[in-house]
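Taken from TrEMBL, the feature coiled coil covers 369-431. Per TrEMBL, the feature domain 'HTH luxR-type' maps to 464-521. The annotation transmembrane segment is assigned in TrEMBL to 165-184, 191-212, 224-247, 259-280, 286-305, 317-337, 349-366.
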Amino acid sequence: MNYSHLFIFLLFAFSSLGAKNSKLSLSYIWDRNNSIQISTIDEVPFNDVPGHQINLSYSPTPVWIKAEIESDEVRREFLKFNKTLVDSLTFYHYDANNQLVSQLGGVKVDNSETNASGFYFPITLHKGSNVFYFRAKNNYSHIYGITLVDHIEIEKTEFIQITKYGILLGIFIVMVLYNVFLSVNLKDSIYGYYALHAFFVLLGALSLEGFFTLKYLNIPAVLLPHIIAVSVCTVSVISCVFCIKFLKLKQTSKLYYMIMRTVMIVDIVIFVFVCTLQAIGFDITYKFLTIMTTVYCFFALATGVKSVQQGNSVAKFYLLGWTVYFLGIISQALIFYGILVQNIVTQNFYLFAIVTEVLLMSFALADRYRQIKIEKKKLSQTLATKQDDLDVVILDNKRRHTVHQNVMLQLKEILNNKENIEKEVRSMVMDLSHQNISDEKQLHFQDNISEVDTFFIKKLKTMHPNLTPAELEICSLLKLNYSTKEIASFRSTSEGAVKVNKSRIKKKLGLETTLNDYIITV
């Protein structure tokens, strides 16, 4: 036998010596008429279930659970009841004096000893068969896991659950505060809506995890059910509002806008209906709220698909986020309906889904901000182009005003000097003809300026970013085959000034050929 085999053998031997052999089996029965009493419970036939978990879905009917433990020795242990969201839970067992003892806990019980990962009931196991009973009344769905644990396992489980709470709180508080900061500084309300969305998603997740039932928080039992119900309901409503605002459904899809508004209203109506019935004494579960949460997730996902199909580029991260979130909600709903088995994967997938959704939504907002910056840049460029066009019009108006002034002066001279009327009129007609040609060139330039701006100026700016707007304008006129004289007339300057500008441009560009020849090739 080699050393590795010896090590494995010794490890197995020591672990076997330290093992606590016990067998736990569970069974249940509905207490439909509240007629089952603990004193006669031994006479009632229970329904056996495999494993250490019972999933009976939603029902306002109380249920009795029997835990049978076969032990090979006398020892003290704890029965862990890993459901924190339970209206009332009564644990029955016999003490050392063989006296029946009961312990009461739950959401609707004041000073309930609820821990982060569930309820822990100290028990003494005797050698042989040991029987314990639970009576649970629950509107949050009858899903219960019961296991046998010791002090070390309790400390480890509580540490893991408290750490989970801390991570959730840390992530969401940072996200909420950061988006509030962005909303205020960028003056963009969508970040405020997202901060609300993240905040209530956190409340909903913590509610389902049983955070508000912790004995350390000491929330009064009369308030606790309403806090949990409000947080779960508000998640749907606020998320619908965020969906409408982020995807601009009111402008892009009237149908989905009305659907999401309807989902919000129905969700609120169901919440008020359930709470009202419970307040006046009716036993009613939160099944309808779970259904509406599933419905709103489905339509939120559908709106994302629709927006992507419509070409909304910022919706891709939204769609990814809601896909993960939808899967998380569906998995949780299927557990509540008793269809999906609750285990460590399905139990934590919901938390993974909401954290992933929040991160992907952050990417969606970042992508949206990037798109807005690009659009603003395009608008600034368009505005600059329009400003250049306006400057051209202003210059043209000044030139026309100068022409009109000259015409008036010439007419006055003709009236004062009647001897050379014919000569003066011919001269004036000649000037107006030249002006008409210049106007035609001007109209040609205005008709083609957009084409020049799009295909020429942009390329010229990229190739030669050191050119000024005035120099770019001269290059544009050269592209339209304007002569030096026509450019001077268009810009209301002298031909000499135009020649100097052309020479300066040629020097800037480092040309060996003429500027006109180069511009034609660009």
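Cβ coordinates are placed from backbone N, Cα and C, and glycine is handled just like the others.
Predicted automatically and left uncurated, TrEMBL annotations should be read as such.
Helix, strand and coil counts under DSSP for the domain 'HTH luxR-type' (464-521) come to 40 helix, 0 strand, 18 coil. Across all of the coiled coil (369-431), the predicted model scores a mean pLDDT of 72. Residues 164, 168, 171-172, 175, 179, 190-191, 194, 197-198, 201, 205, 208-209, 246, 314-318, 320-322, 324-325, 327-329, 331-332 of the same chain sit 6 or more residues outside the transmembrane segment (349-366) yet have a Cβ under 8 Å from a Cβ within it. Counting same-chain residues at least six beyond the ends of the transmembrane segment (317-337), those with a Cβ under 8 angstroms from any Cβ of the stretch are 55, 57-58, 141, 143, 208, 246-247, 287, 290-291, 293-294, 297-298, 300-301, 304-305, 307-308, 346-347, 349-354, 356-361, 363-364, 367.
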